[in-house]
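Engineer: Here you go, one structure.
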Amino acid sequence: MNGVTVIDHPLVQHKLTIMRKKETSTAGFRRLLKEISTLLCYEITRDLELTMERIETPLTEIDAPVLEGKKLVFASILRAGNGLLEGMLDLVPSARVAHIGLYRDHETLEAIEYYFKAPEDVANRLVIVVDPMLATGNSSIASIDKLKERGAHNIRFLCLLAAPEGIANFQKAHPDVPIYTASIDSHLNEKGYIVPGLGDAGDRMYGTK
Ligand code: URA
């Protein structure tokens, strides 16, 4: 699908299957989410620009590659986005972190904002917005609206599962933002859940159901 990269690495797909199982425990779900987020982060950053830096090894001087430009920003859509942060920060410890607090009105499925905190210079950085589930797309669209208001223009979106309906809404609102996901599932049900999905990601990672 145009603008969508499905990360089909066997380890990602295997871990995702275990996460989908209803009998997977909260502890197991959290551990797998951390592991899978590291792999997803590896894939979403694979085309980052490098620049050469003069360094000295114990033996000689060489020009060696380092990441170019300012540190990345990981923008977590609360609360489920936080489940992806830890593994990503293990891989890119220097990344800055933005938090965007939105909840879904269960009647209208609209995203309501209650918190926003991002680095001042978000406009000059690559921002990777994370939320495990791209369902209706309302939360991710609203989050990216807000980041763009602050000047961010180099944005990628990372999720675990995406519904075709969510992808369509998202791409209508933000055609410039590429989506990375481990799976495009079948559809959304009448309650806005992704089918077959994995249930409520926040509840499964925090044991709140
Ligand atoms: N949010 C979730 O956590 N799960 C879904 O299936 C849809 C939205």
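Each Cβ is built from the backbone N, Cα and C atoms, and glycine gets one as well.
This is the feature table in TrEMBL:
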BINDING   Arg79, Arg104, Asp131, Pro132, Met133, Leu134, Ala135, Thr136, Gly137, Asn138, Ser139, Asp200  5-phospho-alpha-D-ribose 1-diphosphate binding site
BINDING   Ile194, Gly199, Asp200, Ala201  uracil binding site
DOMAIN    6-208  domain 'Phosphoribosyltransferase'
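Map these features onto the structure and tell me what's around them.
Structural biologist: The local packing around Asp131 (5-phospho-alpha-D-ribose 1-diphosphate binding site), expressed as other Cβ atoms within 10 Å of its Cβ over all shown chains, amounts to 26.
Over all protein chains present, the Cβ of Ile194 (uracil binding site) has 28 other Cβ atoms lying within 10 Å. Under the DSSP three-state reduction, Ile194 (uracil binding site) is assigned to strand.
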Engineer: For Ser139 (5-phospho-alpha-D-ribose 1-diphosphate binding site), what is the tally of other C-beta atoms lying within 10 angstroms of its C-beta?
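Structural biologist: Taking all protein chains shown, Ser139 (5-phospho-alpha-D-ribose 1-diphosphate binding site) has 27 Cβ neighbours within 10 Å.
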Engineer: Report, as a single number, how many Cβ atoms besides its own are within 10 Å of the Cβ of Asp200 (uracil binding site).
Structural biologist: 15
Engineer: Would you mind sorting out which of Asp131, Met133, Ala135 (the binding-site residues) have a C-alpha within 10 A of the one on Ile194 (uracil binding site)?
Structural biologist: Met133, Ala135
Engineer: Including all protein chains displayed, how many Cβ atoms other than that of Ala135 (5-phospho-alpha-D-ribose 1-diphosphate binding site) lie within 10 Å of its Cβ?
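Structural biologist: Step by step: centre on the Cβ of Ala135 (5-phospho-alpha-D-ribose 1-diphosphate binding site), count other Cβ atoms within 10 Å, giving 27.
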Engineer: Look at the binding-site residues Gly137, Gly199 and tell me which residue has the greatest number of other C-beta atoms within 10 angstroms of its C-beta.
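Structural biologist: Ranked by Cβ atoms within 10 Å, first place goes to Gly137.
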Engineer: If you compare CA-to-CA distances from Asp200 (uracil binding site) to each of the binding-site residues Arg79, Asp131, Met133, Ala135, which comes out shortest?
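Structural biologist: Of the binding-site residues Arg79, Asp131, Met133, Ala135, Met133 has its Cα closest to that of Asp200 (uracil binding site).
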